[in-house]
Amino acid sequence: APPRASNGSREGAADTWLRTQLAPGEVITAQSGAFERDPQESSTTDEELSRAGSPGSRGGSSSTTPDYGEKRLPQALIIGVKKGGTRALLEAIRAHPDVRAVGTEPHFFDRNYEKGLEWYRNVMPKTLEGQITMEKTPSYFVTNEAPRRIHSMAKDTKLIVVVRNPVTRAISDYTQTLSKKPEIPTFEVLAFKNRTLGLIDASWSAIRIGIYALHLENWLQYFPLSQILFVSGERLITDPAGEMAKVQDFLGLKRIVTEKHFYFNKTKGFPCLKKPEDSSAPRCLGKSKGRTHPKIDPDVIHRLRKFYKPFNVMFYQMTGQDFQWEQEESDK
C-alpha cells in the first residue's frame with residue numbers, strides 16, 4: 001500500500017482550495033474528527049445486522065435465489081455518497097440475477113471494523129459461483145480509514161460512488177435531518193460561519209460531504225481510478241437504464257437491468273423499479289425518499305454554488321468526467 005500520511009498532515013490540492021475558501025487563519029484539514037457520525041443519518045441497527053447475519057437469513061436480499069451457496073466477502077461496494085441516490089442504485093442492481101446484496105448498511109469499515117472480517121462475511125447473503133456479493137454504506141466515502149481498510153481486505157475491490165450536485169445534496173441531507181429533528185436551526189443558519197461575510201461553514205457535514213475532490217484524494221492513495229465508478233445521481237433519475245448499463249459493464253455483468261425494469265412515478269418525481277416478468281405493482285423507494293425540500297434563500301444557494309464550483313471543477317479533472325452541475329444551474 002502507498003505510504004499513508006498521518007491524519008491532518010497531508011496537504012493536497014483540495015486542502016489548499018479549502019484554505020482559499022476560508023477566512024484568513026482558518027484551516028480545515030482532513031482530520032478524521034471532522035467526520036463525526038451524524039446521529040440523524042439513516043442507519044442500520046445492531047439488531048438488524050445480527051438478523052442479517054443469522055443462519056438461514058438471506059441478509060435482506062431478494063428471495064429469487066434459493067438459500068444455498070456460501071457467504072463471501074463483497075467484491076464490490078457502493079461507498080457513497082449520502083443522499084446521492086445509493087438506495088435507488090442498490091435496489092436497481094439487485095434486480096440482476098448475478099448480484100446478491102445486503103439490504104441493510106453494515107457500516108463495517110467505519111463503525112464495526114473491530115468486529116472483524118468473519119462478522120462482516122456473516123452479514124452477507126449467500127452466493128452461488130459466479131454471483132457478485134455487494135453492500136452499500138454511503139458514509140465510507142467520507143471516512144478517512146475506509147480506503148486503507150478496504151484495500152487490506154482486497155485490493156481489487158470495485159468501488160461505486162453515486163454523486164449528485166453538492167448544493168442539492170446538502171439541502172436533501174438537511175431535509176432528512178429536519179424530518180427527524182424539527183427543532184434544528186434553519187439551513188441558512190447552519191450553512192454559514194458568518195452570514196454577513198458569506199463565509200460557508202465547511203465543517204458542517206451536510207456541506208463537507210459535497211467536497212468530493214477532498215474525499216477522493218484519500219481514495220486515490222489506495223485505488224486506481226479504473227477501480228472506481230462514478231454514477232450521476234441526476235442521470236440515475238432521468239436515464240436510469242443508461243446509468244445501470246455503465247454499472248453492469250463496470251461489474252463485468254451482462255446488461256440485464258434495462259429500460260423495461262423502470263417506470264417513472266410522477267408523484268415522487270423519480271423512476272420506480274419493476275420486475276419485467278411479473279405484473280405486480282412497481283417497487284418504489286419508501287416515504288423517506290423524494291421528500292419536499294424546504295425553500296432556501298436564493299442568495300444562500302448562489303453563495304453555495306460559488307463555494308462548490310472550484311471543488312467541482314477539480315473533481316471533474318480528477319475523474320475525467322464532467323457532471324455539468326454548473327451548466328445545470330445556469331439553465332434554471
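Keep in mind that glycine also has a Cβ here, set from the backbone N, Cα and C atoms.
Here's what TrEMBL has on this protein:
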type	residues	note
REGION	1-71	region 'Disordered'
COMPBIAS	51-66	compositional bias 'Low complexity'
DOMAIN	74-309	domain 'Sulfotransferase'
BINDING	Lys83, Gly84, Gly85, Thr86, Arg87, Arg164, Ser172, Lys289, Gly290, Arg291, Thr292, His293	3'-phosphoadenylyl sulfate binding site
ACT_SITE	Lys83	active site, for sulfotransferase activity
DISULFID	Cys272-Cys284	disulfide bond
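When Cβ atoms from all protein chains are considered, those within 10 Å of Cys284 (disulfide bond) total 19, not counting its own. The most densely surrounded of the binding-site residues Ser172, Thr292, judged by C-beta neighbours within 10 angstroms, is Ser172. Cα separation, Lys83 (3'-phosphoadenylyl sulfate binding site) to Cys272 (disulfide bond), rounded: 17 Å. Cβ packing within 10 Å was compared across the binding-site residues Lys83, Arg87, and the lowest neighbour count falls to Arg87. Of all the recorded positions listed here (Gly85, Cys272), the one with the fewest other CB atoms within 10 A of its own CB is Cys272. In this structure the alpha carbons, written CA, of Thr292 (3'-phosphoadenylyl sulfate binding site) and Cys284 (disulfide bond) are 16 Å apart.
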